[in-house]
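Student: Mind having a look at this structure? Questions to follow.
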Amino acid sequence: MSEALDKLEVEKEARKEAKELEGEAVKEANRIKRTLKRKKWVDWKEQDDKDAANGVKRAPFDPAERIKRKKSAILLSYCGANYYGMQRNPGMQTIEEELFKAMLKHKWITEDSFEQIQISCFQRAARTDKGVSAARQVCSVKLPEDLDLEAFNADLPQQIRLFGVERVTKGFNAKDQCNARTYTYTLPTMAFAPFEEKVEDLHDTFQISPELLQKVKETLKLYEGTKNFHNFTSKKSFLDPSSKRFIMSFTSSDPFRSPQGIEFVTLKVKGQSFMLHQIRKMVGLAIAIVRGNTTAATLERALTEERLDLPMAPGLGLVLDTVHYERYNDRYGKDGIHNPLTWQAQEAQVQDFIEREIFSQIYKTEAEQRNMLDWIGTLHYHSYDTRAEDAPPASSDGKKIKGGDDDNDE
């Protein structure tokens, strides 16, 4: 009995000590908070006297620094040919770096926000890789109400333009509220020529036949639906739930000629979201199937648990075409406060920019450098069979790539 009483006494003392320690910790935390709070307030007279003695004069108060900023969506178009992707990357020339510098110059964001852009609640709808362009990229960010887009664009490089700003709800997130994305891939039709033909001699003169174009369309349609695309990205297993993606449509345009006289087609794919390099590998395998380097059976196997060796098309022709906000538009686009994010008023400007800065760059680069022709010459190196070892695939320039999602913080 005495042992039980002693045990209870020891436990009581232990609880008392723990409570005292907890109380001391709370007191210390409150003391630190009071100290930090006091530091926010400055005795400017005393501070000015000290600065005057050192020959420093305090800058006058600038009301622009306290402009009220509200959540907005911006419509951005850019040619990514000379940039290392959309996302900010220290030491690299990126689209976001150019955008943030212009925003800071025009006081759309503060210096603190420029250093740590999350302060302004910035979020892109989709991240684009090195060399990839965007026709209608959307980003959410807190901005002032009175904005001069013409003056702002004058401080952006010619390859980047901001075409519109719309007020959105407080909780709007350009990535999370986006319910679908459309990409295009523009390439010369000679990429689909049968592998037996010498395409080197046909690069500028090849014309795709209606039968061959129909085969292209049928092959692209095999991707539609909810399927497991673990073979079309990096470091994803078949059992990973995020490997499943829903492709709403995958189509091809009719052939057309570029100003240089080369015949092109534009492939268009719409899906809920895409993984890193998924579209380029889908296009790469489709080309190999149409050319006869492999068969449609390889595509069927690629959607199973097997790990296959598949080609990845060059990044030159890939363009983020549209990000879709149908659900957001249905809920808030007609509430009398917010406009739907369809950007119809800016469409003429966007189309002009696409033709002038994006497609013209694709046509010119393909005519001068023949990127697609060089890549086609590597298709026979792929086995289209089970990999010997499960190593991460290499990019078109031979460098290892990191895993990740194109849209899920692509």
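Including glycine, each Cβ sits where the backbone N, Cα and C put it.
Annotations for this protein, taken from TrEMBL, read as follows:
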- 1-38: coiled coil (COILED)
- D129: active site, nucleophile (ACT_SITE)
- Y183: substrate binding site (BINDING)
- 221-326: domain 'Pseudouridine synthase I TruA alpha/beta' (DOMAIN)
- 387-410: region 'Disordered' (REGION)
- 397-410: compositional bias 'Basic and acidic residues' (COMPBIAS)
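For each feature listed, report its degree of burial, its nearest neighbours and the pertinent distances within the displayed model.
Tutor: For Y183 (substrate binding site), the count of additional Cβ atoms within 10 Å of its Cβ stands at 27 [all protein chains shown].
Taking H, G and I as helix, E and B as strand and the rest as coil, DSSP gives the domain 'Pseudouridine synthase I TruA alpha/beta' (221-326) the counts 29 helix, 33 strand, 44 coil.
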Student: What average pLDDT does the predicted model assign to the domain 'Pseudouridine synthase I TruA alpha/beta' (221-326)?
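Tutor: Looking only at the domain 'Pseudouridine synthase I TruA alpha/beta' (221-326), pLDDT averages out to 95.
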